[in-house]
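Colleague: Below: one structure in structure tokens.
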């Protein structure tokens with residue numbers, strides 16, 4: 001009887017670590033099923049989302065990427081939008097930081113008929129000429145890019161289209177792919193914020209940030225987004 005009591009007490013003590021009860025079998029099973037990096041803890045990554053996709057967090061709840069050709073097109077579109085958003089955020093901040101107004105008013109010359117400028121330097125072209133040059137440039141670049149039928153070559157630099165050699169180190173290249181998609185997604189959210197912010201306050205991001213830092217409780221998301229009598 002004494003031996004059985006000691007055995008029971010030792011088993012009970014083993015179930016406690018640092019004053020906490022050890023997890024039950026069901027709790028351990030739930031923890032084991034959770035995959036690190038998934039958008040929803042405990043969810044399973046869909047089979048059609050390959051592990052080698054940069055920034056893959058298993059998010060496709062309605063199965064839009066089941067078709068691999070469609071999935072490649074979605075990846076391509078997202079990456080292009082990411083790159084434009086990163087350029088857009090940099091431009092929105094730079095024009096205001098350098099004292100050339102704000103990003104929203106920058107293209108007003110096309111509406112009012114004023115003189116276009118680039119960082120204060122007059123641009124000697126009218127609107128039709130600029131549109132023609134941009135259209136021709138995009139047509140050439142997109143035509144060359146679309147000649148690459150291989151998916152990865154359509155998305156990332158390589159060969160002659162890699163003068164700085166970013167793709168030479170395979171491990172660093174994969175890391176840079178992940179960094180690019182993460183920063184690009186953040187930039188898309190930032191651009192949405194810039195647009196919403198200007199719609200609510202009429203100010204650029206730098207002016208709004210300065211106002212918030214000088215008066216955090218009086219100038220913030222709640223006070224600018226909701227009309228207070």
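Just so it is clear, glycine is given a Cβ too, placed from its N, Cα and C backbone atoms.
What TrEMBL records for this protein is below:
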type: BINDING; residues: 78, 81, 83, 115, 179, 180, 183, 197, 212; note: chlorophyll a binding site
type: BINDING; residues: 185; note: chlorophyll b binding site
Colleague: Given the chlorophyll a binding site residues 78, 81, 83, 115, 179, 180, 183, 197, 212 in the record, what is the largest Cα to Cα distance, rounded to whole Å?
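Modeller: Across 78, 81, 83, 115, 179, 180, 183, 197, 212, the widest Cα separation comes out at 38 Å.
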Colleague: 10 Å Cβ neighbour count around residue 212 (chlorophyll a binding site)?
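Modeller: For residue 212 (chlorophyll a binding site), the count of other Cβ atoms within 10 Å is 16.
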Colleague: Roughly how many Å separate the Cα of the residue listed as 'chlorophyll b binding site' from that of residue 179 (chlorophyll a binding site), to the nearest whole number?
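Modeller: Taking the Cα atoms only, the residue listed as 'chlorophyll b binding site' lies 10 Å from residue 179 (chlorophyll a binding site).
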Colleague: On a count of neighbouring CB atoms within 10 A, which of the binding-site residues 179, 185 is highest?
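Modeller: Output for this query is 185.
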